[in-house]
Amino acid sequence: MGSLLKEIRNGGHSVADTESKAGFGGGVEDVYGEDCATEDQVLTPWTASVASGYTLLRDPHYNKGLAFTEKERDAHYLRGLLPPAVLTQELQEKKLIQNLRQYEVPLHRYIAMMDLQERNEGLFYKLLIDNVEELLPVVYTPTVGEACQKYGSIFRHPQGLYISLKEKGKILEVLKNWPERGIQVIVVTDGERILGLGDLGCQGMGIPVGKLSLYTALGGVPPSACLPITIDVGTNNEKLLNDEFYIGIKQKRATGQEYAELLEEFMTAVKQNYGEKVLVQFEDFANHNAFELLSKYSKTHLVFNDDIQGTASVVLAGLISSLKLLGGQLADHTFLFLGAGEAGTGIAELIALEISKKTNAPLEETRKKVWLVDSKGLIVKSRIGSLQHFKKPWAHDHEPIKELVDAVKAIKPTVLIGTSGVGKTFTREVVETMASLNEKPLILALSNPTSQSECTAEEAYAWTKGRAIFASGSPFDPVEYEKKLLVPGQANNAYIFPGFGLGLIMAGAIRVHDDMLLAASEALAAQVTQENYDKGLIYPPFTNIRKISANIAAKVAAKVYELGLASNLPRPKDLVKHAESCMYSPLYRSYR
């Protein structure tokens, strides 16, 4: 300890040598003059990071709470700082899950989980992994949406990095302020399109934080390798701009060159600080920026947009697995979308790619199996002059149709997919028309959170007399219809992105390719068992999510090696076992 004290200097002398001055509180010397300083005097915030005693209890990476053993309490100066009982991690987990279940308001559960993450990282992930189906809706959609809306009010402890227009020209320095150096995954948002809730500005930080907790819990990426980032360029949300407690910059959103320059500086700094192999996941950017950023940086960085690519991959997996219930091949089906934004066009493109690969038909042809409806009606050739660039490939020959129900009657789809972000748009007439056209209509109401879902599970089953195969973006409870229990599936991106990210990291990928997304979809579809199909499920249960993620990671990594985009050589013989061995474990370690 003496050597440590000598390292801390005070006016050229070591602290140990400092002559006694007027002490406070029983002879403790006011070495840095903090106690006798007036409020307007400037202080240096000295700290000594020694992982013992009080400091150890305040470090979420190492804190074990009452699970510190008698030996550890002696070795690390914890005597008296903890009650005398020694609990196992299992007992701590049991107590916490009981406490969480007593909260009736989901947001209160969210706050309790975030507090636990700040206090005891290992216990947080153990709790989440062991109770994933129960807690996934708490730490992610739908509860995370409400958390983002109220982030300013529930904000207690900063998580992740906030990079605003104030940091322009200094972003590399800001990245260096983050204490961890070995970052492998960054999830970044600018908060402009949070779920189906719109522009939440700086309060969108709840999304990167939530996504990265799933990267760890479901994909096994170590928490120390994850970095959530919010880029604050302002907000156009008047309510937030007028809120005295808003935590972001109070100005209208920067656009055009100012926005592009900040993003360019950010992406350059990320590669400079963390290297070529860091995965940057774009999250909840507005359509106009999302497509442009993905297109621009996919050539130079390892980037992935979960709203466009992750959603597409998980939906394609559901479609592939649903063929066991519907019959036929993907190419035999006709797909109609409500919503032609990031998610809709991303899914549509991946469906067309998969059909093209399976049938060897050109992509221009396979796209004709997919139709999209936006706010102005069916996307058709006669509208091409006024369409945004990402909608143009979906403009087919057909007379204009304004209403969704008329599009269903005209196109006669076997699959109806909702990505509109607008609730209650799959009306009774729409769903009944699907049922009249198909013996087993496949209805995917994918918009989040639950309030924005195009229809509920109960409505889909009731309006199709129990014949629908249904999946949604946010979870719905099982429905009893005519004494039969129907279990709705959840087309949750959390099936895909954690395993997908792990696969890229394992292989040391330097770029993302569409074939990797197709590999992830096929790997997920292969995890659906006959028992799942018997319940009408087209996705496997989340209880096996780590096994599912390991299989997805293995298939993605295999594709990375096959395409020659891997930098971690040689390739491991058994990629599934290698994926499992790479996964973070939340179990407590022993301290000497």
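The backbone N, Cα and C atoms fix where each Cβ goes, glycine too.
Feature list (source: TrEMBL):
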- Y140: active site, proton donor (ACT_SITE)
- K211: active site, proton acceptor (ACT_SITE)
- R193, N448, N492: (S)-malate binding site (BINDING)
- E283, D284, D307: divalent metal cation binding site (BINDING)
- 117-298: domain 'Malic enzyme N-terminal' (DOMAIN)
- 308-561: domain 'Malic enzyme NAD-binding' (DOMAIN)
Those same-chain residues, other than E283, D284, D307, found with Cβ within 8 Å of the centroid of the divalent metal cation-site Cβ atoms are T189, R193, I194, I207, F282, F285, A290, N305, D306, E342
I need the CA-to-CA distance for D307 (divalent metal cation binding site) versus N492 ((S)-malate binding site), whole Å please.
11
Whole-number Å value of the largest CA-CA distance among R193, N448, N492, listed as (S)-malate-binding
18
Taking just the CA atoms, what is the gap between D284 (divalent metal cation binding site) and N448 ((S)-malate binding site) in Å?
12
For K211 (active site, proton acceptor), nearby residues of its own chain (Cβ under 8 Å, 6 or more apart in sequence):
Y140, V187, P228, Q281, E283, D306, F497
